[in-house]
Amino acid sequence: MNALVATNRNFKLAARLLGLDSKLEKSLLIPFREIKVECTLPKDDGTLATFVGFRIQHDNARGPMKGGIRYHPEVDPDEVNALAQLMTWKTAVANIPYGGAKGGIGCNPGELSKSELERLTRVFTQKIHDLIGIHTDVPAPDMGTGPQTMAWILDEYSKFHGHSPAVVTGKPIDLGGSLGRDAATGRGVLFATEALLNEHGKSISGQKFVIQGFGNVGSWAAQLIHEKGGKVVALSDITGAIKNSNGIDIPSLLKHVKENNGIKGFHGGDSIDPKSVLVEDCDILIPAALGGVINRENANEIKAKFIIEAANHPTDPEADEILSKKGVIILPDIYANSGGVTVSYFEWVQNIQGFMWDEEKVNSELKTYMTKGFKDVKEMCQTHNCDLRMGAFTLGVNRVARATVLRGWEA
């Protein structure tokens, strides 16, 4: 099931639980604005190349729109629409004053030189500079983009609008990026997991974890869980997968991954089929890679008692049903991976104030937001007698609906 269908389905279930008026429900789904631009640039060999860039701005009832920009060859408008909508609910669940957006350019960043990527980013920014802004829409990095991309957008935007560090987040520290932003999503996953386990009278220490994906989120989550005494017993990335029932030595693995660009060849565990990593024996499973990886084919074989969704929509709705019948507790993506956007909000706040925080303050504020977020989700679960996914969706949708009505926008 594709991302848009799944997101719309969750939204409709939440709207029904909340008893939303059908006109309001319809208006909440329609994006505020969809932007599509042509980006033509000279390549290094002097030929011209054209790429399509776009930005979906979903909702701004609670504040400026927020969401990533991805550079990827298959940028599917449906998926981007779903991700923009997901950002609307995610920022509302986190209780930060933003709405949702998402965008990108259909290109293969691996096939472009650094100077071509810079020219592409600047042309894209020239085309959309009057449609984004500190109080309008604040982009961030996503697949295929990073702090350097944000630096180019900031520089190009500032040529038109004066120095504006708050126009993007996920910037390099030297240009107003926030300390603790790099680890934020992974650290948020840790705080979310702690809040959930705490509810069940458990702690991270001594629990067995399996993590699928060892990129930014997976590697930080693994490192922080390891530091808290959790045992990571299996791990995978695009190069391969390993398991070690006594617990993988995460610091040595991080060193190996840095030197070899992947898990493959690490000697601190047995090599396994990457497909089987999700069904390894463990207490807590953390999918931190792609969407749709837990589906009706493998849901029955999952042995974990808890699933923490660090990736976006890793669990298909069919798998959701199978797992809930088995009594598996799923902490949904719109809460579990909101650490990144929460620290992006802290970065924006610091830029607007022109006053930067130390890392300890960033991390302690993040913990406060994640802990409060879990409490709010649980309250909605009790009110509507539903699971955590619907608890998070009803919380997010309700906050956006209330803001929409208060502003007098309902149809």
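Cβ atoms are placed via backbone N, Cα and C, with glycine included.
Values in this document were obtained by computation on a predicted structure and should not be read as measured data.
Copied over from TrEMBL:
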ACT_SITE  K102  active site, proton donor
BINDING   K66, K90, S344  substrate binding site
BINDING   T185, N216  NAD(+) binding site
SITE      D142  site 'Important for catalysis'
Shell of the substrate site beyond K66, K90, S344, same chain only (C-beta within 8 angstroms of their C-beta centre): G67, M87, T91, A94, I96, Y98, G100, A140, S338, G340, V341, T342, Y345
Binding-site residues (T185, N216, S344), the one with most neighbouring Cβ atoms at 10 Å: S344
Protein Cβ atoms within 10 Å of K90 (substrate binding site), excluding its own: 27
Cβ neighbour count within 10 Å of K66 (substrate binding site): 28
In sequence order, the recorded positions (K66, K90, D142, T185, S344) whose C-alpha falls within 10 A of the residue listed as 'active site, proton donor': K66, D142
CB within-chain contacts under 8 A for D142 (site 'Important for catalysis'), separation at least 6: G67, G68, I69, R70, K102, G104
Rounded inter-Cα distance in Å - S344 (substrate binding site), T185 (NAD(+) binding site): 10
Taking residues K66, K90, S344, which bind substrate in the record, the widest Cα spacing (Å, whole number): 13
